[in-house]
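Shown next, in structure tokens, is the structure this report addresses.
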Amino acid sequence: MGNNMLSALFLRLLLVLSALVAFAAAQSWTDCNPTNTSGCPPDMGLTNSPYSVDFTKGTTDWASWTSVGAGSVTYTSQGAVLTLAKKGDAPTISTNWYIFFGRVEVHMRAAPGTGIVSSVVLGSDDGDEIDWELIGGNNDQVQTNYFGKGNVTLYNRGGKSAVHDVQGTTHNYTIDWQIDQLTWYVDGKAVRTLKKEDAVGGLNYPQTPTKLRIGSWAGGDPDNAPGTIAWAGGVTDYTKGPFTMYVEKVSVTNEYPAARYSYGDMSGSWDSIVLKKWKDDNDDGNQSKEDIVDTCSAVKEDGSAGVASATNSSSSSQSSASPYLSSAMGTRDGHVRCLLSVGLALFPLVLYFAL
């Protein structure tokens, strides 16, 4: 009897693990992980924050969005219409830019269908991830999840919340992502909060710049791992499709806007992220406007040069992020040295235009 129980528990563990590994593999974001490889290209940031788009008006906003998955994506009065019609389809729209903490609101209706998963995902180049997941076989529930650096060895990250008629009614699914706390909201009501220290002391807390992806995929595809199929609610029967989700509106606030983000080292920590405030193609080693801003934002509290941080002191989370902002601002002495260096760097430009 004891051996049978152990065997059952072991099988269950294998099913869960296969589901997590398969899902993590499905959420690949980049070919260059900055925590494993040096020289990864910088990420383009969202500078015009807050940003919003109303897909019900037929707005496609190609400058901000790209269709990245197989399947049909059209734009009608019902919004962005993402249709999964056959095996291999995974209709998905992705932002072309990244955000560095902030708030994301997605007004949408999930796709129906056994094994069909509708998702809203913030994902980074180094495996940080924040998820909404809606299972097509359950019209009254939404799931939340997160990953830090792609770590799938922990099984307490997921959460479930009751939400009525997720397929027939438009709901506002919001992620409020701050340096010290992450909160998921449905229609303005908080359904889950994760504190940074509760994610393995912050090690598994999502904290690097992320893209936004919205789409659906067949977790119940017969070729998927058994654990994935079980998690998705069963095997998908494509003859009962097509399966369609609708995205009406998206609003995004980038807490620390920048033209580009890059990783100052391989730690994957938020305070290693370098913010470039202006777009500039001058990457030949000459000092540019970007370099000057980075010099100022890199002054540590002790006045020494360090990895660049954000400088948006008007952030709504200023009180909770004071260590971060103080690192960005530095001490008075550090600022004096920084401003002197900026003045010396800009002096030739001022003299040129004056003459």
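The backbone N, Cα and C atoms fix where each Cβ goes, and this holds for glycine too.
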Q: Could you pull the disulfide partner of C32 out of C40, C296, going by TrEMBL?
A: C40
Q. Looking only at Cβ atoms, how many others are within 10 Å of the one on E129 (active site, nucleophile)?
A. 22
Q: Write down the Cα-Cα distance for E133 (active site, proton donor) and C32 (disulfide bond), rounded and given in Å.
A: 26
Q. Same-chain residues six or more away whose CB lies under 8 A from the CB of E133 (active site, proton donor)?
A. V117, S118, S119, V142, Q143, T144, N145
Q. Whose Cβ, among the disulfide-bonded residues C32, C40, has more other Cβ atoms within 10 Å than any of the rest?
A. C40
